[in-house]
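Trainee: Before anything else, here's the structure in question.
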Amino acid sequence: MNARKHRRVGGGLVDPRQILASFPEAVRKLHPRVMVRHPVLFVVEAGSVLTTVSAVLDPSVFSWLISVWLWLTVVFANLAEAVAEGRGKAQAESLRRTRSDTVARRLRSWRVSMDRREWEEERVPAADLRPYDFVVVEAGETVPGDGEVVDGVAAVDESAVTGESAPVIREAGGDRSGVTGGTTVLSDRIVVRITSRAGHTFLDRMIALVEGTSRQKTPNELALNILLASLTVVFILAVVSLQPMAEWAGAPQTITVLVALLVTLIPTTIGALLSAIGIAGMDRLVQRNVLALSGRAVEAAGDVNTLLLDKTGTITLGNRQAAAFVPVQGIAHDLLADAAQLSSLSDETPEGRSIVGLAERHGIRRHHGDLAHGRFVPFSAQTRMSGVDFAFEGEFCRIRKGAGSAVMQWVARRGGQVPEEAGWITDSIAADGGTPLLVAVEDPDGVRILGAVHLKDVVKPGIAERFAELRAMGIKTVMVTGDNPLTAKAIAAEAGVDDYLAEATPEHKLARIKEEQAGGNLVAMTGDGTNDAPALAQADVGVAMNTGTSAAKEAGNMVDLDSNPTKLIEIVEVGKQLLITRGALTTFSICNDVAKYFAIVPAMFGGVAGYEGLEKLNVMGLHSPTSAIASAIVFNALVIVALIPLALRGVRYAPSSAHVLLRRNLSVYGLGGLVAPFVGIKLIDLLMQYVPGM
Ligand SMILES: Nc1ncnc2c1ncn2[C@@H]1O[C@H](COP(=O)(O)OP(=O)(O)OP(=O)(O)O)[C@@H](O)[C@H]1O
Ligand SMILES: [K+]
Ligand SMILES: [Mg+2]
């Protein structure tokens with residue numbers, strides 16, 4: 001994994017300076033409008049106001065001590081969130097500097113005659129660009145906005161966004177056409193169609209994300225918040241109803257004591273850390289160069305059990321190159337090469353361009369001028385073919401090239417014969433992991449297959465080991481590809497996926513995901529192409545490769561800046577760690593509160609006639625009732641600070657089954673939660689006895 005240049009080192013540790021720096025923000029967050037979003041802490045804040053008023057009216061060391069520590073409890077809770085948010089701020093700053101304030105070279109066109117347009121360049125600020133504007137970017141210039149390359153090929157330096165310094169190729173036509181505003185073109189010239197409005201670019205979204213401004217509570221977080229709020233209501237009722245009983249026993253309690261009791265009982269610890277845990281999860285993904293555009297997706301990632309990947313550009317490098325022309329018997333090699341080149345002259349896909357190039361290397365150089373009144377048939381994922389219709393020396397002619405089955409059908413439909421040999425050729429190319437494209441012509445002599453083009457692609461290195469890791473995590477991998485079954489089988493075997501689906505159209509990919517979801521599976525999908533977009537949108541976790549088309553990036557809910565399909569392993573780990581951390585700290589918090597109840601109630605009623613039985617519960621032998629209560633409140637506040645690093649770093653996660661993790665959690669954090677207050681409160685009480693008046 002590459003380290004983003006402006007990325008901090010040792011992301012898991014909390015720098016004490018960071019805590020200090022976040023203090024003012026924590027105090028600002030005391031505003032009730034902010035606090036109502038955290039119901040448990042809102043109750044603590046209200047309690048702090050009550051005890052402060054009562055301390056003013058009826059001052060004592062005890063009442064002031066409690067008031068001060070209650071306020072500290074709320075500040076500490078806000079501190080957790082402020083520290084979590086603060087960690088993204090520096091990164092956001094450096095991204096802001098990257099955001100381009102460049103001047104764009106916008107193309108303006110007007111119609112001169114029926115079929116001719118005149119183009120003119122104008123210089124406008126990047127901020128004025130709108131979707132469907134066309135801009136020119138040349139070597140040395142900054143891409144002024146997000147868009148799609150519609151003409152040309154260029155090497156682009158994307159390090160400003162991805163942190164990766166090796167240049168990448170961006171080109172028109174294929175699945176590597178997306179460019180991001182703020183990146184720099186290193187060579188050549190491209191024309192870009194702008195796809196996003198100023199202020200809504202990828203970089204803007206990235207800034208909002210690392211700053212946490214766009215973060216919304218996830219469904220799980222909302223549910224937990226409701227649970228915590230309900231618990232709080234129950235405890236409020238319990239404490240309020242305690243007073244009549246205490247009065248009946250002749251020991252009415254002060255407001256300060258009642259508020260203190262309430263605060264120790266309600267789940268303040270998890271209430272304080274909940275949002276920091278969520279922010280930290282998103283942050284951990286940013287550290288791994290993944291932008292999660294929804295918190296829900298991060299949670300879902302923790303439970304994913306099926307991963308769908310497309311082949312070209314995701315499992316393979318995606319730069320399918322023509323390697324050879326394989327003619328059928330009786331057809332000259334150069335005739336096939338010529339036909340293949342003619343059909344590709346306007347095919348702006350990488351495949352198309354590489355066919356033109358290969359034919360040129362065989363000495364065949366055709367130009368658009370050779371195609372009188374030619375009509376180009378562009379490639380589509382549905383037809384899996386492309387080609388051209390034109391007139392040649394007065395004769396009408398059609399050429400088609402494409403997936404074996406698609407071209408065979410085309411030939412058969414037009415009344416031609418498909419020689420058995422065509423099947424052998426495509427099969428032998430496919431069995432090798434290559435992609436065969438059959439080439440066929442239709443002219444006055446009839447319809448026939450000329451041969452095949454052998455397209456070669458390379459499986460990304462090291463991918464098989466990573467898929468084995470996914471298997472160990474209980475995740476099934478399925479490759480879905482538009483390619484033929486034999487190629488799919490060969491690549492599937494080489495990459496080590498569990499299953500594959502060949503000849504898949506965008507609809508098939510989508511259907512396969514719905515099918516998996518109907519079977520109760522949580523599905524992740526990684527892809528880069530426009531033909532992956534529907535599937536990326538349907539998947540619970542849709543990870544788009546940053547190299548991909550803007551349609552793919554819009555459809556997914558995560559973008560991997562490294563365009564590494566096995567990144568999902570890390571995404572799943574972060575998701576699991578998020579869920580486990582939240583579970584562990586909730587367990588700890590609730591067990592803690594139960595233990596505090598036993599520490600504080602006996603002390604409160606110690607020595608009260610009729611409640612002597614409770615005295616026996618005072619196993620801790622605390623100094624005095626006031627000291628016991630104050631110690632519990634101090635402990636309650638300090639626990640929050642002590643757990644901030646754990647909330648931000650996440651509970652240690654080692655891949656193992658869900659029930660092993662659950663058991664481990666319950667024992668470590670449940671037991672820890674029960675024992676910690678007895679030790680902590682006793683220690684604080686030992687100090688508290690030296691405070692005069694306690
Ligand atoms: N430019 C082209 N002209 C004609 N046929 C093509 C062209 N590009 C690809 N094909 C054929 O169409 C098939 C489907 O292509 P598509 O892009 O939908 O899927 P893919 O890239 O092979 O797979 P994946 O979905 O894994 O990216 C290819 O396998 C190939 O046989
Ligand atoms: K508490
Ligand atoms: Mg693809």
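Even glycines carry a Cβ here, placed using N, Cα and C.
Note that TrEMBL annotation is computational and uncurated.
What TrEMBL records for 38-56, 62-80, 222-243, 255-279, 628-648, 668-688 is transmembrane segment. Residues or ranges marked as domain 'P-type ATPase A' by TrEMBL: 117-211. Positions annotated as active site, 4-aspartylphosphate intermediate by TrEMBL: D310. As annotated by TrEMBL, ATP binding site applies to D347, E351, F379, S380, A381, Q382, T383, R384, M385, S386, K401. The Mg(2+) binding site annotation in TrEMBL covers D528, D532.
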Trainee: Would you mind splitting the domain 'P-type ATPase A' (117-211) into helix, strand and coil residue counts from DSSP?
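Mentor: Helix (H, G, I), strand (E, B), coil: 17 helix, 39 strand, 39 coil.
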Trainee: How many Å lie between the Cα of F379 (ATP binding site) and the Cα of D532 (Mg(2+) binding site)?
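Mentor: That separation, Cα to Cα, works out to 16 Å.
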Trainee: Under an 8 Å Cβ to Cβ limit, what residues of the same chain, 6 or more beyond the ends of the transmembrane segment (668-688), are close to it?
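Mentor: Answer is 584-585, 587-592, 594-596, 599, 620, 622-623, 627-628, 630-632, 634-635, 638-639, 694.
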Trainee: Among the binding-site residues D528, D532, which residue has the largest number of other Cβ atoms within 10 Å of its own Cβ?
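Mentor: By the 10 Å Cβ neighbour count, D532 comes out on top.
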Trainee: Apart from its near flanks, which chain residues at least 6 from the ends of the transmembrane segment (62-80) lie with a Cβ under 8 angstroms of it?
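Mentor: That would be 19, 22-23, 25-27, 29-30, 35, 38, 41, 44-45, 47-48, 51-52, 54-55, 254, 256, 259-260, 263, 268, 271-273, 275-276, 626, 629-630, 633-634, 636-637, 640-641, 644, 647-648, 691, 693-694.
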Trainee: Name the residues of the same chain, 6+ apart in sequence, whose Cβ is under 8 Å from the Cβ of A381 (ATP binding site)?
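Mentor: Non-local contacts for A381 (ATP binding site): G482, T505, P506, G529, T530, N531.
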Trainee: By CA-CA distance, flag whichever of D310, D528, D532 among the recorded positions is nearest to T383 (ATP binding site).
Mentor: D532
Trainee: Should anything in the same chain at least six residues away from the transmembrane segment (255-279) have a Cβ under 8 Å from its Cβ atoms, list it; otherwise answer none.
Mentor: 38-41, 43-44, 47, 50-51, 54-55, 62-63, 66-67, 70, 73, 76-77, 80-81, 83-85, 88, 212, 215, 217-218, 221, 224-225, 228, 231-232, 235-236, 238-240, 242-243, 295, 578, 581-582, 585-586, 588-590, 592-593, 596-597, 600-601, 604, 629-630, 632-633, 636, 639-640, 643-644, 647-648, 650
Trainee: I'd like to know which of the binding-site residues F379, K401 has the most other Cβ atoms within 10 Å of its Cβ.
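Mentor: Top count of Cβ atoms within 10 Å goes to K401.
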Trainee: Taking the recorded positions D310, D347, A381, T383, K401, which residues show a Cβ-atom distance to ligand 3 below 6 Å?
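Mentor: Cβ under 6 Å from ligand 3: D310.
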Trainee: In whole Å, how far is D528 (Mg(2+) binding site) from M385 (ATP binding site) when you measure between their Cα atoms?
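Mentor: D528 (Mg(2+) binding site) has its Cα 20 Å from the Cα of M385 (ATP binding site).
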Trainee: Record lists D347, E351, F379, S380, A381, Q382, T383, R384, M385, S386, K401 as binding ATP; longest Cα-Cα distance in Å?
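Mentor: Between the outermost Cα atoms of D347, E351, F379, S380, A381, Q382, T383, R384, M385, S386, K401, the distance is 17 Å.
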Trainee: Give me the count of other Cβ atoms within 10 A of the Cβ belonging to D310 (active site, 4-aspartylphosphate intermediate).
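Mentor: Result for D310 (active site, 4-aspartylphosphate intermediate): 30 other Cβ atoms within 10 Å.
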Trainee: Taking the Cα atoms as reference points, how far is D532 (Mg(2+) binding site) from D310 (active site, 4-aspartylphosphate intermediate) in Å?
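Mentor: Cα of D532 (Mg(2+) binding site) to Cα of D310 (active site, 4-aspartylphosphate intermediate) measures 8 Å after rounding.
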Trainee: May I ask which of the binding-site residues D347, K401, D528 is closest to the residue listed as 'active site, 4-aspartylphosphate intermediate' if we compare their C-alpha atoms?
Mentor: D528
